[in-house]
Amino acid sequence: MPEFLGPIAGFGVTLSTMFKKPETEFYPEEKRPTAPGYHGRHQLNRYADGLEKCIGCELCAWACPADAIYVEGADNTEEERFSPGERYGQVYQINYLRCIGCGLCVEACPTRALTMTNEYEMVDDNRAGLIYEKDRLLAPLKTDMTAPPHALRPGTTQDDYYRGDITAVPEQAAPEQAAPEQPAPEREPNPETEK
């Protein structure tokens, strides 16, 4: 190509895109769907009966390269059971000022308690507001779930929870109501027996 055509070739890209319709995003009003597998805000999941999946093992905190996760485990008791195992995550914090969204914490979780949602709007005017505590990370309770602490489902073990056998809360059978006692019907006098 001759040297004097160089500037014209350079402006060729500009001229070809100058008359195209721009792809404008009206972001706050119209939100585009995220791609499948998008790494957004974390979520602590629950079992179908409402118990937490987190067992407080701290593997997610060890796997985090940015040191953004802090977990304190505590022991479950028979009076207060938050997860089906021996332990649960009493304190769970994720610092989104440090989180890089890599997902290594999700891969390290042995009970699939930690997942990443598609939620990406995590802005705050306060730095402390970007340190998410356990109450902001827990999945919301569904209508058929019971808020912990509560006992394991009757007739189940910890292994049933870990194997995924606890899928839905069984409908509570209504206790059989005894029929109200009916007063004995009054007998009509029998003329043959009353002789």
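For all residues, glycine too, the Cβ spot is worked out from N, Cα and C.
Marked as domain '4Fe-4S ferredoxin-type 1' by Swiss-Prot on the basis of sequence analysis: 44-74. Sequence annotations record features per position, and here Swiss-Prot assigns [4Fe-4S] cluster 1 binding site to Cys54, Cys57, Cys60, Cys109 based on sequence analysis. If you look up Swiss-Prot, you'll see Cys64, Cys99, Cys102, Cys105 marked as [4Fe-4S] cluster 2 binding site, on the strength of sequence analysis. Here Swiss-Prot flags 90-119 as domain '4Fe-4S ferredoxin-type 2'. Swiss-Prot lists 145-195 with the feature region 'Disordered'. Positions annotated as compositional bias 'Low complexity' by Swiss-Prot: 168-181. The feature compositional bias 'Basic and acidic residues' is assigned by Swiss-Prot to 184-195.
Features recorded in Swiss-Prot, as mapped to the structure shown.
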{"residue": "Cys54", "record": "[4Fe-4S] cluster 1 binding site", "contacts (Cβ under 8 Å, 6+ apart)": "Leu44, Val71, Ser83, Tyr88, Gly89, Tyr92, Thr111, Ala113, Leu114"}
{"residue": "Cys57", "record": "[4Fe-4S] cluster 1 binding site", "contacts (Cβ under 8 Å, 6+ apart)": "Val71, Gly73, Arg87, Pro110"}
{"residue": "Cys60", "record": "[4Fe-4S] cluster 1 binding site", "contacts (Cβ under 8 Å, 6+ apart)": "Ile69, Val71, Cys105, Val106, Ala108, Cys109, Leu114"}
{"residue": "Cys64", "record": "[4Fe-4S] cluster 2 binding site", "contacts (Cβ under 8 Å, 6+ apart)": "Cys99, Leu104, Cys105"}
{"residue": "Cys102", "record": "[4Fe-4S] cluster 2 binding site", "contacts (Cβ under 8 Å, 6+ apart)": "His39, Pro65, Ala66"}
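Secondary structure at Cys99 ([4Fe-4S] cluster 2 binding site), as computed by DSSP, is coil. Mapped onto three states, the DSSP output places Cys60 ([4Fe-4S] cluster 1 binding site) in helix. With every protein chain in view, the residue among the binding-site residues Cys99, Cys105, Cys109 whose Cβ has the most Cβ partners within 10 Å turns out to be Cys105. DSSP assigns Cys109 ([4Fe-4S] cluster 1 binding site) to coil in the three-state reduction, outside any helix or strand.
Following the DSSP three-state reduction, the secondary structure of Cys54 ([4Fe-4S] cluster 1 binding site) is coil.
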